[in-house]
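Notes to accompany the following structure.
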Amino acid sequence: MTIALGRIPKEEKDLFDTVDDWLRRDRFVFVGWSGLLLFPCAYFALGGWFTGTTFVTSWYTHGLASSYLEGCNFLTAAVSTPANSLAHSLLLLWGPEAQGDFTRWCQLGGLWTFVALHGAFALIGFMLRQFELARSIQLRPYNAISFSGPIAVFVSVFLIYPLGQSGWFFAPSFGVAAIFRFILFFQGFHNWTLNPFHMMGVAGVLGAALLCAIHGATVENTLFEDGDGANTFRAFNPTQAEETYSMVTANRFWSQIFGVAFSNKRWLHFFMLFVPVTGLWMSAIGVVGLALNLRAYDFVSQEIRAAEDPEFETFYTKNILLNEGIRAWMAAQDQPHENLIFPEEVLPRGNAL
């Protein structure tokens, strides 16, 4: 019997399949569909920040020097927020404010909106990158879910908070000293340290640092020995196939130290994921509250008693007075466009704050 085989027709790839193959090809640095968002946005955000901190002044928006060109250093340079009069304008280069003039756009604070928006999309692109890569190699998506914590903080602080206030002016500028100034502003105008969401955020971040230190030390302490080297890195083979440390020994140690210990690796590592991510999300929720000018804890009874009795004072009432000093001093310096003038008797005296 003769069987005649015709040619098997090749399936023609359309443009989408061709692009998909190229984007998801196995290479040293994975690109993926998420890379179409991540790489351009990260490039523009970082490029805008380096350009702003090197060349662009904040004289027209804040009355400050903020670039290396003006004599700032790495800690004091910043890409500062637009002027308060520009409210929530996107400050597009071709918009009615700059009208295509790049120099004017920089003077008005256009680089800040450029860096903030591209930075936000770059972070989202990085999270999508983790989703995409995890899906392609059949991992669970907890890395991407965890990264939602930093994204929530960035979006709430740099975008949602100023949207709730009068303009981008009240967002943090992109610089080290500028962020410190913003923290002082948050304390003076919102009493942020006494906000329960801030407390949960601090507990989450510092608790995560403690968990990392404990976990790393415990694993190092309970490694199975498979060599006679004099130190950790020579005595243990990094390619060993079997389990690398003793969970049973670790459990026994911490049971004796605390009376309780994790007996299950999955629960232990989920807890290490849960603590910092929840802390960051709580902080983000708190900042959204501040955008709406929600107040922190107020212990009014202590304030009234302190006002009536000169001998009564608590750490809380002292902090309230400090906040008043921050507001009185900062408002006039920070918002020169408001022409705020405070009577001498209400201002803090000299350096003896």
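The backbone N, Cα and C atoms fix where each Cβ goes, glycine too.
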### Summary
Checking 74-90, 125-141, 244-260 against Swiss-Prot, the stretch recorded as transmembrane segment is 125-141
### Task
Please find, within the list 177-193, 279-295, the residue stretch that Swiss-Prot describes as transmembrane segment.
279-295
### Task
Write down the single range among 27-40, 153-166 that appears in Swiss-Prot as transmembrane segment.
153-166
### Task
Using a Cβ-Cβ cut-off of under 8 Å, list the residues of the same chain that are 6+ residues beyond the ends of the transmembrane segment (279-295) and lie near it.
148-150, 152-153, 155-157, 160-165, 186, 190-192, 195-198, 200-205, 207-208
### Query
Between ASN143 (pheophytin a binding site) and PHE262 (plastoquinone binding site), what C-alpha distance do you get in Å?
22
### Task
Among HIS118, GLN130, HIS198, these being the binding-site residues, pick the one whose CA is nearest to that of HIS269 (Fe cation binding site).
GLN130
### Task
Find the shortest Cα-Cα separation between PHE262 (plastoquinone binding site) and the binding-site residues GLN130, HIS198, HIS215, and name the residue that gives it.
HIS215
### Task
Please determine which of the binding-site residues listed here (GLN130, ASN143) has the lowest count of neighbouring CB atoms within 10 Å.
ASN143
